[in-house]
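> Below is the structure I would like to discuss, written out as structure tokens.
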Amino acid sequence: MSLYPSLEDLKVDKVIQAQTASSANPASQAFFLNVVDSAAFPPGGNLYPKLYPELSQYMGLSLSEAEICENMPVVSGAPTQGQLVARPSSVNYMVAPVTGNDAGIRRAEIKQGIREVILCKDQDGKIGLRLKSVDNGIFVQLVQANSPASLVGLRFGDQVLQINGENCAGWSSDKAHKVLKQAFGEKITMTIRDRPFERTVTMHKDSSGHVGFIFKSGKITSIVKDSSAARNGLLTDHHICEINGQNVIGLKDAQIADILSTAGTVVTITIMPAFIFEHIIKRMAPSIMKSLMDHTIPEV
């Protein structure tokens, strides 16, 4: 079963497959040519002139043939037998004729499974990390920019399963911070589950440059009817954590809007249910989130 980063990709891929199947079946076309009066054909001789929509204008998207070929090279010609098409790491199962090889999707990808990171304290004895207890688990509340925690790829919402081999289940926030404070500074080993409360939604801007949602204080409040946001299942009462992999927590709405407007035609946002988000950031001043939170664009 094929997987797609967005509904637009699924629909366009179906159109491409149907057009390819039609052009690759001359026997079928010959049969219809024998039974249908050629005088009934529309100008240009196309048997099915409006059976499938033109890809240049589809679902509110502007898709020229050049853009399709650039984002999905396989469309321009079928691969020869045995030829492998290189695709990016863990998203290689995605079929993306519209989205293509988008860096934002790769930066925002939530990886399933558990990983281990090793970090050390800086010259001040810090690792640039704040933790929060949620439902008997320990979660990342804050990652400071250019800190050891940031350099090993920790993100807001990551779940910490172990610190130096000790299970964190049932710990309080204070105990987690105490263990980190007392840990040997040269090597701290942490076992991490990647952002279990978060999910990503990939959308495509329409001709006016919008994806179709309204937010206030970083929280999604409304979805525009028939927009890409609506088609791809974006929900209200969710907080925006990242845009194309860039953390936007603590930023003003105008700053978030600017990041959205300057993003490309494909926008992938990472969201978290509001009640969980608000619990994680509880007792953390907005000024701390704005000034200390790592808002850099991650490398891919």
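Just so you know, glycine gets a Cβ as well, placed from its N, Cα and C.
Annotated domain 'PDZ 1' per Swiss-Prot: 116-195, in sequence order. Positions annotated as domain 'PDZ 2' by Swiss-Prot: 200-274. The N-acetylserine feature in Swiss-Prot is assigned to SER2; the stated evidence is similarity to another entry. The feature phosphotyrosine is assigned by Swiss-Prot to TYR48, with similarity to another entry given as support. For 2-104, the entry in Swiss-Prot reads region 'Interaction with PDCD6IP'. If you look up Swiss-Prot, you'll see 3-7 marked as motif 'LYPX(n)L motif 1', on the strength of similarity to another entry. The motif 'LYPX(n)L motif 2' annotation in Swiss-Prot covers 47-51. The motif 'LYPX(n)L motif 3' feature in Swiss-Prot is assigned to 51-55; the stated evidence is similarity to another entry.
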> Return the residues near SER2 (N-acetylserine), defined as same-chain residues 6+ apart in sequence whose C-beta is under 8 angstroms from its C-beta, sorted by sequence, else 'none'.
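Looking at Cβ-Cβ distances below 8 Å from SER2 (N-acetylserine), excluding near sequence neighbours, one finds LEU10, ASP13, VAL95.
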> DSSP on the domain 'PDZ 2' (200-274): how many residues come out helix, how many strand, how many coil?
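Its residues fall into 15 helix, 30 strand, 30 coil.
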